[in-house]
Amino acid sequence: MWWDERVSARFRRNLQPTLTYWSVFFSFGLCIAFLGPTLLDLRCQTQSSLSQITWVFFSQQFCLLLGSCLGGVFKRTLAQSLLALFASSLAISLVFAIIPLCHNVVVLAVVMAVAGLAMGCIDTISNMQLVKIYQKDSAIFLQALHFFVGFGALLSPLIADPFLSDTNCILANGTANASSNLPHIRKSLLPHHPGNLSHYDLPIKGMVVTRVSYAFWIMALINLPVPIAVFFLLYKERMVPCFNGSSHPLLSADELALETRPGDKDELSTAGQRPHTAAAGHEDLFSCCQSKNFRGVSFTYFAVHITGALVLFMTDGIVGEYSGFVYSYAVEEPLAVVHKVAGYLPSLFWGFITLGRLISIPVSYRMKPATMVFINVVGVLITFLLLLIFSSSVVFLFVGTASLGLFLSSTFPSMLAYTEDILQYKGCATTVLVTGAGIGEMVLQLLVGSIIHDRGSYSFLVCGMIFGCLAFTFYALLVFFHRMYPKPCPELDEASPEKAAAPEDTGQYQR
């Protein structure tokens, strides 16, 4: 194996929880990308206008952000985390099954809001639990976690595509004229953003002839094994309410003895008598903001949190705005790419994000997270600069789109691992970073959309270049504050009574 025996042994000990968290993130990816290509069929199903149906995007994104903020409430103990993940993954399957029954746009928006809350909880809890299990070895496992998001995001549009209507799915007078616009409009909706659709006139009354319901029911069935996997982990940990007997760690006493250094055995036995509570570094936003957590900390503690969140605000915002508007940019002058060809750009972007996350799994074991983030932000900056220089080249637009996907792919997990490592897993980095990334994806899409509407399509690349420069600037500040951040004293660290309970020493699956 391309990693050492220590990491391999740790992975084997935590195989079931790790695979469970990866599968739950597959649910996240499956749910995040289906709305764009199916939105026109959902408009027909709800018999609503395009301006009304686009509010479904907002309800999902806003509640995803809210769920990310509130996800920390459910992670104080392992039982709460797993119960929240079980409820969230089951809710996503139920959402897929219920969507075909939503014939009112308000009801559909409420259902998608529930899906957003579930996705937000999954995002926060899964990242935090993997960091708590692997700590300094978490980078490689976070890269794999985010690969499953990309895999799910690629799969759901492929499932939906055979069931999408080729012509207008509401038959009414003037349908022939509206039908010719449908492929163009559908491509402009991929994968997340509805774009500016106010000038398209499609009927909202008539006979509905869509088969998109089958796509959602297939996705519900595909997602169903995920909550079952979480339930099995709950059952194995004896955390199912009807089997709430004595709880035993996933690591047996014999295995734990083999992994513990002789000098740590007495400390470990003492630590085993302590009640396992959530690590101080994995609070929710409300707990993070309590004044007791700020006593005695330096200003660099806050600076690391803020600059790390700002880097992801920019990079995740670039993911959202680029995937949302690259098609619209390509079909406008001066490129004037054929609509069918331009429709491949969002898929190419997400495909290379997924490929980049797969490549980053082995790379992250050999390369430090800080180095990976540096390569990512510099690569994004250079790619946007070349896109501006060769703005009239269709070929380079495809090359640049693939390059941008590769460089953005591993930014989030690498930044998460880097920031948590700076804070020695005692800050609120995961919650703050997940929240900052969610805000960036929502805000920068709206900002770029309004700028393109006012300034033209070329401003799309200019905005990307500005966001890339800001991401690099915030990363440089993060490195500066990292050098200023106080390092733990080795002597005090060895004498600390908490050291015996640290999962980094024992590799134990935390409760």
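Placed from the backbone N, Cα and C atoms, the Cβ positions cover glycine too.
Where the annotation comes from TrEMBL, it is an automatic prediction and has not been curated.
Just so it is clear, the model here is predicted, and its values are computed rather than measured.
When TrEMBL is compared with the stretches 176-196, 260-280, 491-511, the one noted as region 'Disordered' is 491-511.
When Cβ-Cβ distances under 8 Å to the transmembrane segment (52-74) are tallied for each of 21-40, 299-319, 430-452, the top count falls to 430-452. Between the transmembrane segment (214-235) and the transmembrane segment (299-319), the number of CB pairs under 8 angstroms, six or more residues apart, is fewer than three, so the stretches are not in contact. Between the transmembrane segment (458-481) and the transmembrane segment (138-159), fewer than three CB pairs separated by 6 or more residues in sequence fall under 8 Å, so the two stretches do not touch.
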